[in-house]
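K.L.:
Take a look at the following structure, please.
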Amino acid sequence: MSNIVIVGAQWGDEGKGKIADTLAEKADLVVRYQGGNNAGHTLVVNGKKTFLHLIPSGVLHQHTKCVIGHGVVLDPVALDEEITRLQATGIAISAENLFVSESCTIITSYHKLLDAVRESNTSEKIGTTGKGIGPAYEDKVSRKGIKFKHLFDKDVLRSRLAISLAEKETLFRDLYKVEYPTLEQEFDKLFALGQKLKQYAADTFSIIDQAIAAGKNVVYEGAQGVLLDVDYGTYPFVTSSNTSVAGVYSGATTAGHGLDHVIGITKAYTTRVGEGPFPTELFDDVGKFIQHKGGEIGVTTGRIRRCGWLDLPLLKYSAKCSNLTSIALTKVDVLSDMDTLKVCIGYKYEGREIYCAYPGIDLYKVEPILVEMEPFSINETVTKDNIPAALKTYLKTIENHVGIPISSLAYGPSREQILFFEDYFKKG
């Protein structure tokens with residue numbers, strides 16, 4: 001058995017879904033442990049794309065059970081729509097393979113409206129997806145949240161809605177002056193959705209615990225990336241949950257269960273959606289080339305992703321924050337056949353050179369130390385025996401600076417275009 005965590009090691013959009021989908025072939029459970037439908041995973045199988053936002057990437061494997069842990073904030077409208085959309089394409093989803101924690105905090109219409117009006121009424125944009133993620137986590141922490149199980153009980157749901165709406169009603173009416181659903185309108189919608197989705201409600205804590213005790217393979221699938229972690233990330237330009245490995249313990253299982261592998265999913269370059277510092281960002285034709293070739297458009301937001309060279313000081317920081325055991329490098333093919341190829345190995349900052357970022361650093365004030373790398377070309381299926389020499393040098397540069405090995409290499413969009421240097425699953 002193996003307990004494997006997939007963590008985004010950058011600002012999200014690293015290709016976690018692709019790696020999770022590939023590992024799910026040998027997994028018994030694939031578990032989402034934080035975030036919400038602000039995540040967007042793209043899977044490509046036989047040339048066909050599947051887009052996921054809430055449901056774990058194991059859904060394409062019939063034997064794999066998918067779990068949404070209690071650390072996820074759940075939009076029941078989005079979950080219902082995603083299930084319906086996937087079922088329409090022939091993907092089997094039922095109470096036999098999808099288990100949603102009864103303790104997930106629910107995202108309501110009020111959370112989404114509050115998210116939108118806040119972003120539109122501030123001069124300092126965060127770049128929120130507008131999905132209501134932050135306000136839902138606020139209610140969770142302030143003990144005003146609505147849990148998934150509350151949707152099934154009329155009296156409890158109405159009571160929890162009244163608590164949640166009380167403060168927001170004043171904001172909507174007096175501060176933002178926007179229309180909002182009445183309590184009864186929201187109640188009717190949520191209760192109806194609760195009846196429809198109740199079949200998926202489960203004690204996921206025990207499901208995961210029992211699977212581990214039975215020696216099953218469990219893959220924990222993170223959303224976003226370490227650099228968006230509410231504690232470790234580039235605050236305030238972060239998400240509202242713990243996207244690092246810490247989120248596994250707070251959002252799915254207990255610290256009593258050890259983790260065999262913590263894989264940091266990393267693009268061969270760097271991207272970011274929304275606002276915030278980005279030391280290696282490219283504003284020239286090279287950046288536009290990477291953007292176009294890499295198809296760098298957000299699955300959830302439809303926004304163009306900012307692109308830049310691979311940032312090793314930030315990657316090393318992510319590795320430390322999540323105790324990464326290895327790196328899964330993705331989108332290597334995007335850098336193939338480039339005229340110019342660079343990587344950031346350090347920063348000049350406040351009169352000194354540093355080679356690993358840290359929480360208090362002001363990334364707006366760093367000057368990246370860029371080194372020129374020899375361009376490489378990928379024109380065929382990549383095996384351990386035919387990796388181009390220049391690519392080997394690129395990989396070794398990453399390993400030497402970050403201090404952990406690269407355990408897999410993705411060089412195309414399909415699940416077949418991954419070269420594994422390590423078997424994550426224990427034998428026997």
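Just so it is clear, glycine is given a Cβ too, placed from its N, Cα and C backbone atoms.
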K.L.:
Thr50, Thr128, Thr129, Thr253: which one does Swiss-Prot list with Asp13, Glu14, Gly15, Lys16, Asn38, Ala39, Gly40, His41, Arg143, Gln224, Thr239, Arg303 for the IMP site?
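P.N.:
It is Thr129, as the record lists it for that site.
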K.L.:
Measuring Cα to Cα, how far is Gly40 (Mg(2+) binding site) from Thr129 (IMP binding site) in Å?
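P.N.:
Distance between the two Cα atoms comes out at 11 Å.
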K.L.:
Using a 10 Å radius around each Cβ and counting other Cβ atoms from all shown chains, which of the binding-site residues Thr42, Thr129, Gln224, Thr301 yields the largest count?
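P.N.:
Most Cβ neighbours within 10 Å: Gln224.
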K.L.:
Which ones are near Gly15 (GTP binding site): of the recorded positions Asn38, His41, Arg303, Ile304, Arg305, which have a Cα within 10 Å?
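P.N.:
Cα within 10 Å of Gly15 (GTP binding site): His41.
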K.L.:
Write down the Cα-Cα distance for Thr129 (IMP binding site) and Thr301 (substrate binding site), rounded and given in Å.
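P.N.:
If we compare the Cα positions of Thr301 (substrate binding site) and Thr129 (IMP binding site), the gap is 6 Å.
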K.L.:
Pairwise over Asp13, Glu14, Gly15, Lys16, Asn38, Ala39, Gly40, His41, Thr129, Arg143, Gln224, Thr239, Arg303, annotated as binding IMP, what's the top Cα to Cα distance to the nearest Å?
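P.N.:
Across Asp13, Glu14, Gly15, Lys16, Asn38, Ala39, Gly40, His41, Thr129, Arg143, Gln224, Thr239, Arg303, the widest Cα separation comes out at 34 Å.
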K.L.:
CB neighbours of Asn38 (IMP binding site) within 10 A?
P.N.:
29
K.L.:
From the Cα of His41 (active site, proton donor) across to the Cα of Tyr411 (GTP binding site), what is the distance in angstrom?
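P.N.:
Each residue's Cα considered, Tyr411 (GTP binding site) and His41 (active site, proton donor) end up 17 Å apart.
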